[in-house]
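Novice: For reference, Swiss-Prot lists these features for the protein:
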- 24-44: transmembrane segment (TRANSMEM)
- 66-86: transmembrane segment (TRANSMEM)
- 102-122: transmembrane segment (TRANSMEM)
- 156-176: transmembrane segment (TRANSMEM)
- 196-216: transmembrane segment (TRANSMEM)
- 235-255: transmembrane segment (TRANSMEM)
- 256-275: transmembrane segment (TRANSMEM)
- 290-310: transmembrane segment (TRANSMEM)
- 312-332: transmembrane segment (TRANSMEM)
- 361-381: transmembrane segment (TRANSMEM)
- 392-412: transmembrane segment (TRANSMEM)
Amino acid sequence: MATTTGAKRGIWPMIRRIAASDRISGLIMLGFALAGLVLANLPLTAHAFEAVAETHVFIPHTNLDLPIGHWAQDGLLTIFFLTVGLELKQELTTGSLANPKAAAVPMLCAVGGMITPPILFLATTALFSQFGPGEPGSLILATTGSSIPFAEMSHGWAVPTATDIAFSLAVLALFAKALPGSIRAFLMTLATVDDLLAIILIAVFFSSVNAWYWFIGIAVCAVVWAHLVRLKKVPWIAVGVVGILAWIMMFEAGIHPTLAGVLVGLLTPARVMHGEYSPRAERYADKLKPFSALLALPIFALFATGVHFESMSPLLLLSPLVIALIVALVVGKPLGIIVTAWLATHVGGLKMAKGLRVRDMIPAAVACGIGFTVSFLIASLAYTNQELSAEARFGVLVASLIAAAISGVLLSRQSKRFEQAAAVAAAEADAESDVNTHSDELAEHSITLADGTESVEIDFRR
């Protein structure tokens, strides 16, 4: 019995350590994303994978009758958004966003990084619609050869706006061991604001409001949640019920239900209360991290990329939609971030963290082109045409891998330069310390000799 108990005690801390590692959890999600693409297109597994993804699960007395693939997107992903909401609340209260002046540059960069990709996406697709192989004003899908009007393809303008914070930090952890913490803090702040803006995009552009009375229920759930999580002893069963009710009411109201997680997360206290050792928002986010990073995100990625292509070939890389997403994420994201940073510091008079220059942010800005989670979600919401949705998710996957590879190379080189600079600075500091020590010894020797007392002590130090 003791052995079993010890094993259980050892397994959960290990799971939490894995979930806390941006590098490992990011690689796990990438593995599931690639597995979904393979399983959906291998002849031996495609039928079984589709059967599982399309199996419907319903909740009685509601309109909730969704296939498992949609439950992963609308249900499990709520855990991720709850974690995001809790982290946002903590950052807004005591973290990097608590002081707007200090966070001004990365906050503005997040806005710039969300404006530029849609512009490049629309410009690229517009060029293909005018000068591509199809009729003017339309584009050709690589998988089926069918013609899609530019107006319909332009619905995906929001797909390349989001940054996947988990993958971006995973790339930093893999390739940037010697970088100063200010670069990671900059990326964290930028990605946090990016998440907030992406949530607003989903709420405004990809929700269709139904009956207004559901909003009364959502408001009641919000008030009850805010009260319950402030009690000295939190009634977890009641909290869980309120959270589920808020999710159902969001769904019934026509708002994307994952936003229920953000709502209740933002209502959770982010300051220490009742004599506790840490804020509740921080603790709850820490406890939810394993479920978010190792359950919700991998399963979502599995089904999000698990789209079947009739003709899986390298021609997919020549799809106008895929190329537009690559340009938007790999070029547009870093371009928007760097240009905004330059304007903010050189024109706006704002300052970056001490020791950081705008060009130091280029590798991290390229890492912001890694889309994945929220981009997959927006691709599913933006296109009702399944062929377009499939190509969009494939484009996000390819663009994210390219951005990760480029940023990995740039971060590795930058890390070596910082490491060399740190070594030179350390050597100079040691040399200066030796000189100062030698000077002190000589001064002590001369002062002792100049002492007129009978007892003279001379200390010769080598």
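Quick reminder: no glycine exception, Cβ is built from N, Cα and C everywhere.
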Novice: Is it true that the transmembrane segment (256-275) and the transmembrane segment (66-86) have 3 or more Cβ pairs under 8 Å, skipping pairs fewer than 6 apart in sequence?
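Specialist: Yes; at least 3 Cβ pairs under 8 Å.
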Novice: Any contact between the transmembrane segment (102-122) and the transmembrane segment (156-176), i.e. 3 or more CB pairs below 8 Å with pairs at least 6 residues apart?
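Specialist: Result for the transmembrane segment (102-122) with the transmembrane segment (156-176) is yes.
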Novice: Okay, the transmembrane segment (235-255) and the transmembrane segment (361-381): do they have at least three CB pairs under 8 Å, pairs separated by 6 or more?
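Specialist: Contact between the transmembrane segment (235-255) and the transmembrane segment (361-381): absent, because fewer than 3 Cβ pairs are under 8 Å.
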Novice: Taking the transmembrane segment (392-412) as reference, which of 156-176, 196-216, 235-255, 312-332 has the most Cβ pairs under 8 angstroms?
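Specialist: Of the candidates 156-176, 196-216, 235-255, 312-332, 312-332 scores highest.
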Novice: Top stretch among 24-44, 156-176, 235-255, 290-310, 312-332 for CB pairs under 8 A with the transmembrane segment (66-86)?
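Specialist: Looking at each of 24-44, 156-176, 235-255, 290-310, 312-332 in turn, the most contacts to the transmembrane segment (66-86) are made by 290-310.
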Novice: Looking only at the recorded stretches 24-44, 235-255, 290-310, 312-332, which one has the largest tally of CB-CB distances under 8 Å to the transmembrane segment (156-176)?
Specialist: 24-44
Novice: Apart from its near flanks, which chain residues at least 6 from the ends of the transmembrane segment (312-332) lie with a Cβ under 8 angstroms of it?
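Specialist: Same-chain contacts beyond the ends: 41, 116-121, 124-125, 128-129, 132, 139-143, 153, 156, 159-160, 366, 369-371, 375, 388, 391-392, 394-396, 398-400, 402-403, 406.
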Novice: The transmembrane segment (235-255): which same-chain residues, six or more beyond its ends, come within Cβ distance under 8 Å?
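Specialist: Apart from its flanks, the transmembrane segment (235-255) reaches 59, 62-64, 74-75, 78, 82, 203, 207-211, 214-215, 217-218, 221-222, 224-225, 228-229, 261, 263-264.
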Novice: Which residues, given as numbers and ranges, are at least 6 beyond the ends of the transmembrane segment (24-44) yet have a Cβ under 8 Å from it?
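Specialist: Distant contacts of the transmembrane segment (24-44): 18, 50, 166-167, 169-171, 173, 293-294, 297-299, 301-309, 312, 372-373, 394, 397.
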